[in-house]
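Peer 1: Feature annotation from TrEMBL assigns domain 'TOG' to 34-265, 356-566, 704-922. Under the heading repeat 'HEAT', TrEMBL lists 206-244, 326-364, 444-479, 672-709.
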Amino acid sequence: DPKVHAVVEKLLDVLNTPSESVQRAVSHCISPLMQSKKEEAADLISRLLNRLMTSEKYGERRGAAFGLAGVVKGFRISCLKKFDIMTALCDGLSNRSSAKCREGALMALECLSENLGRLFEPYMIQMLPLLLVSFSDQVVAVREAAEGAARAMMSHLSAQGVKLILPSLLKGLEDKAWRTKQNSVQLLGSMAYCAPQQLSQCLPKIVPKLTEVLTDTHPKVQSAGQTALQQVGSVIKNPEISSLVPTLLMGLSDPNDHTKYSLDILLQTTFINSVDAPSLALLVPIVHRGLRERSAETKKKAAQIVGNMCSLVTEPKDMIPYIGLLLPEVKKVLVDPIPEVRSVAARALGSLIRGMGEENFPNLVPWLLDTLKADGSNVERSGAAQGLSEVLAALGTAYFECLLPDILRNCSNPKASTRDGYLALFKYLPRSLGVQFQNYLQQILPAILDGLADENESVREVALSAGHVLVEHYATTSLPLLLPAVEDGIINDNWRIRQSSVELLGDLLFKVAGTSGKALLEGGSDDEGASTEAQGRAIIEVLGRDKRNEVLAALYMVRADVSLTVRQTALHVWKTIVANTPKTLKEIMPVLMNTLITSLASASSERRQVAGRSLGELVRKLGERVLPLIVPILSQGINDPDASRRQGVCIGLSEVMASAAKSQILSFMDELIPTIRTALCDSMTEVRESAALAFSTLYKSAGMQAIDEIVPTLLLALEEESTSDNALDGLKQILSVRANAVLPHILPKLVQLPLSAFNAHALGALAEVAGPGLNSHLGMVLPALLAAMGDVDSSDNEVVQLAREAAETVVLVIDDEGVDMLISELLRGTVDNQAALRRSSSYLIGYFFQNSKLYLENEAPNMISTLIILLSDSDSATVAAAWEALLRVVNSVAKEDLPSYVKLVRDAVSTARDKERRKKKGGPVLVPGFCLPKGLQPVLPIFLQ
């Protein structure tokens, strides 16, 4: 078409216009027309190449470059090979004699890259070596053309293209020839003009290498590196970072002097726009350097910036190439000795996970968990715990719930270091998870309480610290959950748990009352504290009056704890919370007494001791004011259906009476005596035992009044079948503590003849507890028992049996001092007119010598003589009893001592014979005892030895 021909010719002429916008427009217009000029393609391309390489004018050469790009685009890219365009351009670049030729070829490459885009990429990569050489051309115009070509090439480079050219450029930086280094640096700088997607891929590799170049020995290489970094800075779209490029370049070129300054400037900058890939490329090396600095402040600032990066970047994936560089350093900062630094690093980890997702940090959580178990320092475990808490907060509660069973299991791990690490998590999770964490308090509190009693001090400290944090965060929102756990801890058997629980209770109350708890309390007065009425009202408002009373009652009790540290802590909390002690005690007295009574009846001896001391202290310090409140409460408590509480009442009464003045006790006798009297007849043994101690304490102050008003009632109760057993045990209990005082009042009642079965049983039971206290009462007790046990004609065999058992008990409970009295009573019985008494006395002599643990060698001769004479008694039953007793007495004598008894036995036998002879008026004289089967057996050992 002639018209098309004319238009093309006209456009080729217009290309000579020295205006890039005109030339660029022609390049775009000419492409569609080329389909009608296929026959003239070779001529057109030849003319343009000729003008490109030989024209004297820059504008014409530049226009020819645009025209060539438009023509090639019109004829399709295949024409590059068909018409040897690339060969011509290679020849032009290699032409060392003509700078214009080299410049023209480079301009052609630039325009072809722009017009053809990625289609031209394979040819451009092929031209890369020549392009590199052109960067160091001696002619400035050629070098500028090379930069333009590189810029155009890079702006259209694909991800694959980046992968192909980057390794060769980076390798060029390691070349020994400085020109090669320089050229590679310049081309690397041009990569700043890559498409944004490719920028994020290549800049993480380029900038660190360019930073290294800044310290090269050759000044031109250094200068090229500086220029390249400026090129990277020039494509930054973020205005805030763009204005900081000179500062950042200083930080990169002179890190020793400018890293800290660069970090300061970055932290001071308020970012309104998002951070792009080129910005990151300049920021990360500085931050990386900051993380490796010795200065704690610099590390902290660098970690802070790392944490902020994810929230500032346009695409979080832009950060992915830097993870391998930054994460190891953040991990090191996480275990820094300084807590503040660790805290910032932990938050940085949380931000990274939150911004980029767990999938980019596959080994982070396992590393943190391993560090929690490590045997290293507490600092490392603490840092790992803090980091993990932030990471878990970023990953969400579902992830945390999956991990929680493992965390709780490791809190009781056999290794102290593991327990320490995992418990430390609970110090930081409340801060990172916030309100969500309170949903797990019920599961976590037992682990913390166990930690408070741990054998390892470090574990205890961590658990207590975790407790403080829980209270700090959830004192108001989760009070119903925290308070019961702390209250239970106050009465725990382990003093360490009590101390920690008192501390935590203090924290709770301070939080509720709105006070710091750090008031300096001077002086020893208990009456006035550092609290105010308003704070007291605040506690009542939050806890309710009943719960407040319970808490203060428990707190008052542990003020008398057996552990000094618990006492001191409790006293501090009390004084900080309570404004007026006497007034408060009056308000909480019923609850306090309830708490003390329960504790006094506890199975834990330490808890009983604490409650007793507390009650005693209460009475000693505020006797006149509190006794009118305490005694009625205790008196009513003796009717409580719970036996353990009734026991607590009795122990409480003992403590009160032991601590009160005698005059104070006497003024409450009307209430004390009925209470103790009731308790001594209680249905439960443990209550009666404690009541006896209370009776003993009362006796110290009230003397005979206590006996006169309590013992007769018990004796009366003995006569009632329904109460006799309990009353008897009550008497036993008071005898065990006050035998000498009480026995004279009991025995006359029990020994009245004829002896009943119950009285016989009672005498035996009381004898067990009275022990040597019976010595002086044998003259009253033994005759009654001897008479009852020897009464074989009695229809009541039970009485005989019970009397014998009681007598056996009596003879065995006496001590050395009572032996003479006992022997005297028994000997008196052997010569009594009543056969029953002689028989009973003989039996008891034998029983005594056979079973007593006392030394009786001195008493044996008299007994042997007496018993041999009794062998001629007129009562056959007495003879049999005497024979049995003689056998037992002789057997109790040591064999080596037996020969010394020969004369004694001979004399006694003579006496028995004479006695028998007097009874008979003639005939053979036979001693009845020796006529029994084996009649000589008791005395034979004496003669055989």
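Placement of Cβ uses the backbone N, Cα and C atoms for every residue, glycine included.
TrEMBL labels come from automatic prediction, so no person has curated them.
These figures come from a predicted structure and were not determined experimentally.
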Peer 1: Could you pull out which residues elsewhere in the chain have a CB under 8 Å from any CB of the repeat 'HEAT' (326-364), counting only those six or more residues past its ends?
Peer 2: 284, 287-288, 291-292, 296, 299-300, 302-304, 306-311, 313, 316-317, 319-320, 371, 379-380, 382-384, 386-387, 389-391, 393-395, 428, 432
Peer 1: The repeat 'HEAT' (444-479): which same-chain residues, six or more beyond its ends, come within Cβ distance under 8 Å?
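Peer 2: Answer is 378, 408, 411-412, 416, 419-420, 423-424, 426-428, 430-431, 434-435, 437-438, 485, 488-489, 492, 494, 496-497, 500-501, 503-504, 507-508, 511-512, 542-543.
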Peer 1: Provide the three-state DSSP residue tally for the repeat 'HEAT' (326-364): helix first, then strand, then coil.
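Peer 2: Counts, helix then strand then coil: 31 helix, 0 strand, 8 coil.
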Peer 1: Could you give the mean pLDDT over the repeat 'HEAT' (672-709), rounded to a whole number?
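Peer 2: Mean pLDDT for the repeat 'HEAT' (672-709): 82.
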Peer 1: Per DSSP, what is the residue tally for the repeat 'HEAT' (206-244) in helix, strand and coil?
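Peer 2: The breakdown for the repeat 'HEAT' (206-244) reads 30 helix, 0 strand, 9 coil.
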